[in-house]
């Protein structure tokens with residue numbers, strides 16, 4: 001530590017140069033002699049002090065360390081003393097007392113707690129007392145700020161912690177070193193099958209602890225667009241060459257040739273892709289290739305049978321993704337549950353041959369009822385049919401009445417099934433019509449009558465298009481026709 005000492009002060013004259021002494025001051029003045037200016041520096045090393053003197057400050061700073069070096073070089077090295085049964089650790093000057101307290105507490109697994117015990121004094125000159133507890137040890141410190149009081153408290157408790165006996169030496173458990181499995185012998189002839197020959201050759205040389213292979217380009221030959229490169233590889237006293245359309249392929253071929261020379265198995269080389277595209281050749285089909293396709297031509301006697309099969313698949317495909325709550329798509333199982341298969345249908349829903357003339361008449365009656373509310377065609381049919389009973393005449397405004405009138409004229413049944421109200425407080429009804437083909441629809445409304453009217457209107461629209469099914473509707477599997485959506 002350097003400590004500058006004040007230099008010798010100059011001796012000043014007591015003579016005043018002012019004009020107060022008289023109008024004519026003396027012409028000559030002889031001041032007292034002034035000694036030369038000296039600087040002194042004090043250097044502390046351990047418990048010893050060394051002084052340096054000089055006329056200028058920089059040389060004095062160098063003089064004090066020089067004297068300290070001359071003195072300390074002749075002294076023997078100090079022995080390391082043991083304090084409390086342990087070697088004294090070198091004190092770190094950059095480490096504060098608070099850090100030392102936390103370090104000791106961490107080693108001994110002790111809790112540390114700092115708290116301000118009390119404050120005193122006026123607001124502009126407060127005095128703080130901080131208490132620190134480290135396990136069972138307690139210390140207090142006082143200061144003009146919380147930081148100073150905390151530091152003094154740590155200093156007080158640090159003296160108590162240093163008196164503790166040393167920690168017992170804990171024997172460290174030696175970690176078990178897991179034996180590594182014996183690595184694959186990279187020098188075996190079968191090692192590296194399918195690996196890049198360049199990497200394989202390098203790994204083999206590393207396993208042998210020999211020098212890695214050296215590659216060198218020998219020549220380039222051929223036309224600019226048909227270049228051929230010749231690469232040479234050297235492993236020890238063995239050399240091999242490889243040719244390729246580019247340097248990478250040539251290097252690979254050279255490595256493969258070197259592996260063959262060294263006695264390693266090399267897979268068969270695959271043909272490289274040509275630089276220029278060749279003309280595509282039409283593949284020649286061998287007998288027996290492909291799938292067999294059989295064509296059937298209907299005979300005149302089978303026309304009725306084929307028409308029946310076609311009619312079984314004539315059915316509009318309507319998505320049931322927008323069905324309301326409680327309505328299921330009309331799959332065969334659901335159709336059996338609601339009774340669609342009763343009547344003219346069997347259990348497997350094989351449909352009887354429909355009558356095109358009857359479908360045309362049904363569509364005509366449905367259109368007349370939709371547009372006019374009355375149907376002269378239905379009235380004529382009902383008059384000719386004695387078993388139909390008395391049917392009231394006049395226009396019919398409700399779709400449910402129109403559908404009932406049509407069912408009486410064409411001889412099919414209409415059945416409604418009501419469901420409980422949904423989460424929107426709406427009624428839902430399902431209608432089942434045993435026409436050809438059977439039709440199923442649903443209706444939604446505020447009451448049951450409006451649900452029946454909506455469902456009947458959907459069925460009437462489908463019936464009015466029966467004569468157009470053969471040309472407009474796609475063919476799907478057997479089953480009843482379902483009409484979805486709100487009208």
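Just so it is clear, glycine is given a Cβ too, placed from its N, Cα and C backbone atoms.
Note that the structure is a prediction, hence the values are computed from the model and not measured.
What Swiss-Prot records for 276-294 is compositional bias 'Basic and acidic residues'. Annotation comment: Swiss-Prot describes 96-163 as domain 'DRBM 1', evidence class sequence analysis. According to Swiss-Prot, the domain 'DRBM 2' annotation covers 196-264, on the basis of sequence analysis. Residues or ranges marked as asymmetric dimethylarginine by Swiss-Prot on the basis of a large-scale study or a structure entry: 20, 27. What Swiss-Prot lists as omega-N-methylarginine is 27.
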(request) For the domain 'DRBM 2' (196-264), give the DSSP counts of helix residues, strand residues and coil residues. (result) 27 helix, 23 strand, 19 coil
(message) Within the domain 'DRBM 1' (96-163), count helix residues (DSSP H, G, I), strand residues (E, B) and coil residues, in that order.
(response) 28 helix, 24 strand, 16 coil
(request) Restricting attention to the domain 'DRBM 2' (196-264), give the mean pLDDT. (result) 91
